[in-house]
Amino acid sequence: MEKNTWVAKHTGRSDFDLVGLFSQSKHPTLLCAVIFMDFLMALTGNIILILVICHDAHFDNPMYYFITQVSLMDMMYISVTVPKMLLDQVMGVNKISAPECGMQMFLYLTLAGSEVFLLAAMAYDRYVAICHPLCYPILMNHRVCLLLVSSSWFLGSLDGFMLTPITMTFPFCRSREIHHFFCEVPAVMKLSCSDTSLYETLMYLCCVLMLLIPVTVISSSYSFILFTIHRMKSAEGWKKDFATCSSHMTLVILFYGTDVYTYMLPNSYHTPENDMIVSVFYTILIPVLNPLIYSLRNKDVTRALKKNELGGLREFFQQNVVLKLRSEVSSIL
C-alpha cells in the first residue's frame, strides 16, 4: 500500500519512536506502577472534588465553578499522555503514528493554553470577590462566568490549531526517535531537517503573548488583593482570603513556571532528561496536586469532606447515575 501521509512523503515512514521515561529508568516496572498510581490518584481526587462541589449548594458560586473546570482540564490533561505511555510499556511498544502524534500535540496544547487563561480568570474572580464584594453578584454573574470559561477554551484551542499543523508539516529526515514520552512541540521539532529558527522565534513570541496577558491580569489582581487584605481588621476574614488566594497562587507558580521553562528558555538550558522531568511535573504531578491544594487550603471543602459529605455523594450517585442506568436498561429490554 502506498503511503501518502506527509511523514511518509518526507521520510518513508509514517510513525515515530517514543524514547520515554522507562528507557531511562533502572527500575521501569516500579516506575510504571508509581505513574499508574499517580494517574488513579489524579482521576479520583479531581472527580471527588467535582462531585463535592456539584453536590453541595454551599459551593454554588463562581470560584468553585472555576475549580471544577480546572479539575476537568487536569483529568483530560493527564489522560492525553499517561494511558498510552503505560500501555506501550506493558505491550512493549514505543511507536506512535503521525495522526496520533498530531492529535496528542493538539490536545495537550489546547488544554495547557486553556488552563493558562482560566487561571487568569480565577484571579480576576478573587479580585472582584475581595475588593468589590458588594458588586460581586453583578460583575460575576452566570453569564460572565460562562463567557470567561468559554473564552479560555477558545483561546487554548486557538493555540493548538496554530502550532500543531505547522509543527507536523515540517520535513523530518533525521532519527525517528522522539526523546520524550509524548509528542511535545520542542521534542518533535528537534527531528526536523529544515531550518526551524523562524518558527521557533514565532512560537516564542506566541508564548510570550499567551503568558503576558494572564500574568498581567494575575499580578494586577493580587496587588489589589494584598492591599485590601492588609487593610482588613478581621483576622478570620484575613486568614480565609489569604488561604484561598495562596492556593491559587501555588497553582499559578507551578503551572506557569513549567511553561516558561519548556517554551521560553533558550535551547542551551534544555536537555532531553531535564525536559522529561519538567514535563512529568506539569503533565502528571500537577493534576495530582491540584485537588490536594484546593481541598487542604480551603476550609469549606475540608469541612464538607469531614462532615461525611461523601455519604451524600453516594446517595447523589445512586439517584443520578444508577437510576439512569436502570431506566436505560429497562428501555432496552
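Glycine is treated like the rest: Cβ placed from N, Cα and C.
TrEMBL has this to say about the protein:
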DOMAIN    45-294  domain 'G-protein coupled receptors family 1 profile'
TRANSMEM  28-52  transmembrane segment
TRANSMEM  64-86  transmembrane segment
TRANSMEM  106-124  transmembrane segment
TRANSMEM  144-166  transmembrane segment
TRANSMEM  202-229  transmembrane segment
TRANSMEM  241-264  transmembrane segment
TRANSMEM  276-296  transmembrane segment
The transmembrane segment (106-124) in contact with the transmembrane segment (202-229), cutoff 8 A, at least 3 CB pairs, sep 6+: yes
Chain residues in Cβ proximity to the transmembrane segment (276-296) (below 8 Å; excluding those fewer than six residues from its ends, i.e. six or more beyond): 20-21, 24, 35, 38-39, 41-42, 45-46, 48-49, 67, 70-71, 74-75, 77-78, 80-82, 108, 112, 179-182, 184, 247, 250-251, 254-255, 258-259, 261-262, 302, 305
Distal contacts, the transmembrane segment (64-86) - CB-CB under 8 A, six or more residues away: 18, 20-21, 32, 35-36, 38-39, 42-43, 46-47, 49-50, 53-54, 96, 104, 107-108, 111-112, 114-115, 118-119, 121-122, 125, 145, 148-149, 152, 181-182, 251, 283-284, 286-287, 290-291, 294
Close approaches to the transmembrane segment (144-166) from elsewhere in its chain (Cβ under 8 angstroms; 6 or more beyond its ends): 62, 65-66, 69, 102, 105-107, 109-118, 121, 124-125, 185, 199, 203, 206, 210
